[in-house]
């Protein structure tokens, strides 16, 4: 419900963005990630535990990856055309229903494989739809001066879920097979309620504006120098992380060892996400990105010579500590440089490109380890990182400077009164607008 303007002659200002909404977005993102990590880690174990072959789990993972690449850009378009809130709430509610169905099936009988995979696939499709719609939410919830901080909070939630989720899922699965999926259902329900509680207008289509074509996201990214840098960096990071992660899985002995390495990486990533806003504030976006990119050569060098779990853990932890600084800056660039009507579409374009770039990395890692030795993938990653650092040194100087120059004009435009929007909702109380 909105209030009437105090005077017909005075134009209504743009809706006020509350830090209460930003906190809700952080918490819903973290809770959603926690449930997804808890159930995702045990789904292959469930398939094996029900007596089905490992090939079934592998085929399911491949089908899910392909579906995610296709569905993201498709869902992003209606999200940018006035249906973001409905998509966020609806996808979370449907995913909660799918996980509730799987939980009930596991509690009461031994479900067939088609039922397990059907419900899990439904949940994954809903998760992809939710992720695609959520890519534009930060621009609607966070004030312009809070974008870097908001992106860091989302990154911290992702890393916290990565640290806690797998262990929680494993413990719940040991207690009873349905419990991880029950936890995921509850997390989706909490996410839907959290999105519903947001007061910021997530859907703000401009009246009379022609709807954007399907290719708008890709065209927007390719037509902007800062966004092209985001695309290159996201694709390169996806390749590097996927290639190194699968190399560790193939080289290290035992799932417990791999789990400890990934846990160390997740903890370091959480610390990096918490430190990133302060580092970016002190150094500036350009210097922070360039410095972090060159420093990534250090963990790559550690992994080149790694021969034990401890050295792998050290390399992955250093990698995860540095990456959030770049992620936070580039997430802010994506929010500020992309028009609101294509926020989700541009984010989906970047995500699809990153996923496609990393699609062959598992097979590449296996081939390099088998034919050239366990250190070959890390050597390749070291060479790619050196090229990425050289590219970033030049591109950041041009792209981030141009993006920073455009920011004052955007802030001035945001500050001007707007006559094409309804009057704002009632001003939140002082307690709602304080920093967390």
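Heads up, the Cβ atoms here are built off N, Cα and C, so glycines get one too.
The annotation compositional bias 'Basic and acidic residues' is assigned in TrEMBL to 404-419.
Among the features that TrEMBL reports, region 'Disordered' is placed at 398-436.
Residues or ranges marked as transmembrane segment by TrEMBL: 24-48 (among others).
The transmembrane segment feature in TrEMBL is assigned to 54-75 (among others). Within the chain carrying the transmembrane segment (54-75), a Cβ under 8 angstroms from the stretch's Cβ atoms is held by residues 43-44, 47-48, 87, 113, 117, 120-121, 124-125, 128-129, 131-133, 214, 217, 344-345, 348-349, 351-352, 355-356, 359, all 6 or more beyond its ends.
Here TrEMBL flags 87-108 (among others) as transmembrane segment.
Beyond its flanks by at least six residues, the transmembrane segment (230-252) meets 221-222, 258, 261-262, 303, 309, 312, 315-316, 319, 323, 326-327, 330, 333-334, 349-351, 353-355, 357-358, 361-362, 364-366, 368-369, 374, 377-378, 380-381, 384-385, 388, 391-392, 395 of its own chain at Cβ-Cβ distances under 8 Å. Annotated transmembrane segment per TrEMBL: 230-252 (among others), in sequence order.
Residues 152, 155-156, 158-160, 162-163, 166-167, 245, 248-249, 252, 309, 312-313, 316-325, 327-328 of the same chain, all 6+ positions outside the transmembrane segment (258-276), place their C-beta atoms under 8 angstroms from a C-beta of that stretch. As annotated by TrEMBL, transmembrane segment applies to 258-276 (among others).
Feature annotation from TrEMBL assigns transmembrane segment to 288-306 (among others).
Summarising the annotation, TrEMBL assigns transmembrane segment to 312-335 (among others). Counting residues 6+ beyond its ends, the transmembrane segment (312-335) has Cβ neighbours under 8 Å at 138-139, 142, 147-148, 151-152, 154-155, 159, 226-227, 229-230, 233-234, 237, 241, 244, 248, 251-252, 260-262, 264-269, 271-273, 275-277, 279-280, 285, 288-289, 292-293, 295-296, 298-300, 302-303, 306, 343, 346-347, 350, 399-400, 403 in the same chain.
If you look up TrEMBL, you'll see 347-369 (among others) marked as transmembrane segment.
Look at TrEMBL and you will find 375-392 (among others) tagged as transmembrane segment.
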